[in-house]
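Notes follow the structure.
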Amino acid sequence: MGILDDKTGLDDNILSRNETRGESVHVGTVDEAEDQLKRHLGNRQIQLIAIGGSIGTSVFVSISNGLIAGGPGSLFLAFILYAGVMGLVNNCMAEMAVFQPVTGSFIRMAGKWVDSSLGFMAGWNFFLYEALLIPFELTALSLVLSFWRDNIPVAAIISICLVLYFCINAFAVKYYGEVEFWLSSGKILLLVIVFCFTFVTMCGGNPHHDAYGFRYWREPGAFAEYITTGSLGRFEGFLGSLWSAAFVIVGPEYVAMVAGETKLPRRYLKAAFKTAYWRFAIFFVGSALFVGIVIPYNDKDLIAVLSGSSGGAGTAAASPYVIAMNNFGISVLPDITNALLVTSIFSAGNAYTYCSTRSLYGLALDGRAPKFLRRCTKHGVPIYALLCVMAFSTLAFLNLSSSTASVLSWFVNLITAAQIIDYIIICMTYIFFYAACRAQGLDRQSLPYVGWFQPYSAWIGLVFMSIIVCTYGYSIFLPGKWDIKSFFTYYAMVLVAPVLFFGWRILHRTKFVKPYEADLVWVAPFIDAYEAAYDEDVVGFRREILRIFGIGKRGKADNTNSAS
């Protein structure tokens, strides 16, 4: 492998370090700077975190905004387009993360391979993105609970969730992984329920015995007008659906953030990144298709709920599936949907707590955040970083004094811009990584994961995401639409990101990393040696699931067994 061939003595060094600590190799520590995290996350946990970690209220509720704006046809096409570009971003992230599975992932890669200033910007942008998602989900959770009763003690709900998030994340990461495994399973069950509901009812399996099929694509139509009328209005409707897709479809960053705590990163991360393409197609694009089937974009109840003229905005009552269930007079199923939606939202908030904590910890490792944030418990939990995230999460209490709709709107717009900036950074980092590989003679075909159509997919992702983040709030520049509050909610992070980059660059006089100077060795030799010395049973995902229910033997598995 060229520059990575010299690994003499690494296996013995790692073994001796682990023996000194009284740890077996399968617990996993890979020394790199002052990183104290432990590799506890197993295959099934990584797979479910990859599948369900990014699925929250947006897939079941917020997607309705895109349906109203563009209609079912625009929504479906917009989700296909955005999911396709997200596949390109995933393609970039997978190659880098499997090769260098470091704590902090793309945040530290940006600082290592592009510019220290970009690493600073990436880390704080991602931290703000994840940390803002926590109060968003907590606000949504309190709303979803109001589906059953109006006098929900919001402060109590938020407080309980914050305590639970802290407890889950304050112990060894394997407990976080186990909680996420079961909560993510609930998300998948909910998706299966609403997909089956759509298919059965559209074929006539409903109380009205009405085989409505794709009726709503014909009446009121597949493409709605938005802001203006005519062809321009329908195009703006498509853009409205595209903005909705930009908020709903996420993914590769969550898989990458667990890289530093994965037992067998080469094997498990590779399998998890591969499942992302199926997740984009089935969960996100499938949701866009089924939402447009089950309810028309001009449904009076849907418009009334989302506009705030009737109760239920942000709850399961705003879900197109629940509205369709109520239209058919179906009972019980809406309550089951809402109950699973509660667990889904709680799981999403838990995942955001984890990711924001690790991003802050990754910043501290490279000196881009206060050093005290490096402090970890004996179980490998960055406790001070977690406490900072918990303090930030108290923004959810804004819901007590502001209207729910306003709070949710602020969070959605701020979060979406920061999210897209993360994808721009991933693509940019890959372009520099690709140039470094060529300059240093590293054959990419020798890497554990090789992205396809590179570097073109990185360039396409970079250009597309840059256009999205610049035009996301274009509507406020139309005649009569200007609003200073809306401008800052759309473009606050777009303005903050360059300040972070150039501020750090000027203060520390950083420069772009030259391709032939980029550190492509980093932790790769340690990971190779660690995995070669790994002594725990290695099984595939399906076998591991069966073992939970006592099915299958627990003997030593063949290490060549696939992890997928």
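Note that Cβ sites are derived from N, Cα and C of the backbone, with glycine treated the same way.
As recorded in TrEMBL, the features of this protein are as follows:
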type: DOMAIN; residues: 46-512; note: domain 'Amino acid permease/ SLC12A'
type: TRANSMEM; residues: 48-69; note: transmembrane segment
type: TRANSMEM; residues: 75-99; note: transmembrane segment
type: TRANSMEM; residues: 126-148; note: transmembrane segment
type: TRANSMEM; residues: 154-176; note: transmembrane segment
type: TRANSMEM; residues: 188-207; note: transmembrane segment
type: TRANSMEM; residues: 238-256; note: transmembrane segment
type: TRANSMEM; residues: 277-297; note: transmembrane segment
type: TRANSMEM; residues: 303-324; note: transmembrane segment
type: TRANSMEM; residues: 381-398; note: transmembrane segment
type: TRANSMEM; residues: 410-435; note: transmembrane segment
type: TRANSMEM; residues: 456-476; note: transmembrane segment
type: TRANSMEM; residues: 488-507; note: transmembrane segment
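Here the transmembrane segment (126-148) touches the transmembrane segment (48-69). Their Cβ atoms form 3 or more pairs under 8 Å, with each pair 6 or more residues apart. Just going by CB pairs under 8 A, the stretch in 48-69, 154-176, 188-207 that sits most against the transmembrane segment (238-256) is 48-69. Under 8 Å from some Cβ of the transmembrane segment (277-297) lie the Cβ atoms of residues 50-51, 55, 59-60, 63-64, 66-68, 70-73, 75-76, 78-80, 83, 86-87, 90, 191, 194-195, 197-199, 201-202, 213-214, 216-217, 219-220, 222, 224, 245, 248-249, 251, 320-321, 323-324, 327, all in the same chain and six or more residues away from its ends.
Listed by sequence, the residues of this chain that lie at least six past the ends of the transmembrane segment (154-176) yet keep a Cβ under 8 A from its Cβ atoms are 37-38, 40-42, 45, 134, 138, 141-142, 145, 261, 346, 349-350, 353-354, 357, 377, 379-381, 383, 386, 390, 393-394, 396-397, 399-400.
Tertiary neighbourhood of the transmembrane segment (48-69): same-chain residues 41, 75, 78-79, 137, 140, 144, 177, 180-181, 183-185, 187-188, 190-191, 194, 224, 226, 237, 240-245, 247-248, 250-251, 254-255, 258, 272-273, 275-276, 279, 283-284, 287-288, 291-292, 295, 297-298, 302-303, 306, 314-316, 318-321, 337, 341, 344-345, 347-349, 351, 412, selected by CB-CB distance under 8 Å and a gap of 6+ residues from either end. Outside the transmembrane segment (75-99), and at least 6 residues removed from its termini, the chain residues within Cβ reach (under 8 Å) are 63, 66-67, 105-106, 109, 238, 241-242, 244-246, 248-253, 255-256, 259, 265-266, 269-270, 273-274, 276-277, 280-281, 284-285, 287-289, 291-292, 423, 426-427, 429-430, 433, 444, 447-454, 457-458, 460-461, 464-465, 524.
Residues of the same chain lying 6 or more positions beyond the ends of the transmembrane segment (456-476) and with a Cβ under 8 Å from any Cβ of it are 85, 88-89, 91-92, 227, 236, 239, 242-243, 246, 413, 416-417, 420-421, 423-424, 426-428, 430-431, 434, 482-483, 486-487, 489-491, 494. Across the residues of the domain 'Amino acid permease/ SLC12A' (46-512), the predicted structure has a mean pLDDT of 86.
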